[in-house]
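Data first, discussion second: the structure below is written as C-alpha cells.
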Amino acid sequence: LLLLLALKTLWAVGNRFEAQIIGGREAVPHSRPYMVSLQNTKSHMCGGVLVHQKWVLTAAHCLSEPLQQLKLVFGLHSLHDPQDPGLTFYIKQAIKHPGYNLKYENDLALLKLDGRVKPSKNVKPLALPRKPRDKPAEGSRCSTAGWGITHQRGQLAKSLQELDLRLLDTRMCNNSRFWNGVLTDSMLCLKAGAKGQAPCKGDSGGPLVCGKGKVDGILSFSSKNCTDIFKPTVATAVAPYSSWIRKVIGRWSPQPLT
C-alpha cells in the first residue's frame, strides 16, 4: 500500500534520457546569479552552475559537441533578449569525471573559462559542499532551475523557469517498478510537488539546491516522457565529488575558491 501511495506522488522526466522544466514557474530575474546556459552555435543545450570565478560545473553528458562550438552565457534571464544578452565566455578546458560512462554514472564535468568572471549582482558563484558526506537527506526540500522545454515535445523556455522538488529514498527509486537497480549511491532521486511537473529537455547540467548557499546536485537523466511517474528524475549528488572538484580547480587555478 505504501508503495502504491508513493507511486501516485512520483514524477519524472522507460529509457534513460538526459534530464530536461515542465509545470514550473518563472524565476525572479537574476535571483539565481549562479545559473549558466551552455550553448552551441544554434541554441541553449544544457544548464550549468558557476562554482568559481573560472569554473562551471555541469553534467558530463552535455559535452556531446566539440568544445570549439560551445559557449557559456552568464547573467541571463531571457534566452533571447537583445537588451540583456548576458556575459559570454568560451571553454578553455573541459574535464569530465574519470568515472563517467554511458550509464550516466559520475555524470559531472568541470569547464574552465577562457577568462575570469567578475562577481556582480547578476553573476555570482554558488558554494560547493564542504564535505563528501554533506548529501541532502531523504525528504529534503530542494529546487532547480533551467531553460529546458516547458511542454513535452515543446520548445525551450523563453525565460528562466524554476521548480520545487523533494528528495526521495534512492532505494525505493531502485525498485523494479522504478529504475530497477540502475541508481548508485551518488545519485539523487527527485519528485515535484504536483503531477505533471518535471525538469525536461534542456535542463540537464543545472543545479539542484537544497537549503541555502550551495549546490547539492546536478540534473542528470530521466525518461523520454518527462512526467513518467515510474521514472523519477535523477541528479548526481555533488558532495561525494567535492574533493575531486576542489582538486581539479586547485590544480588548474591555484587560488582560494570563491
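Using N, Cα and C of the backbone, Cβ positions are placed for all residues, glycine too.
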Which of these, Cys142, Cys173, Cys226, shares a disulfide with Cys200 in Swiss-Prot? Cys226
Member of Cys46, Cys142 annotated by Swiss-Prot as disulfide partner of Cys62: Cys46
Densest Cβ neighbourhood among Asn174, Ser204, Asn225 (recorded positions), 10 Å radius: Ser204
Can you count the other CB atoms that lie within 10 A of the CB of Cys46 (disulfide bond)? 30
C-alpha of Cys46 (disulfide bond) to C-alpha of Ser204 (active site, charge relay system): distance in Å? 5
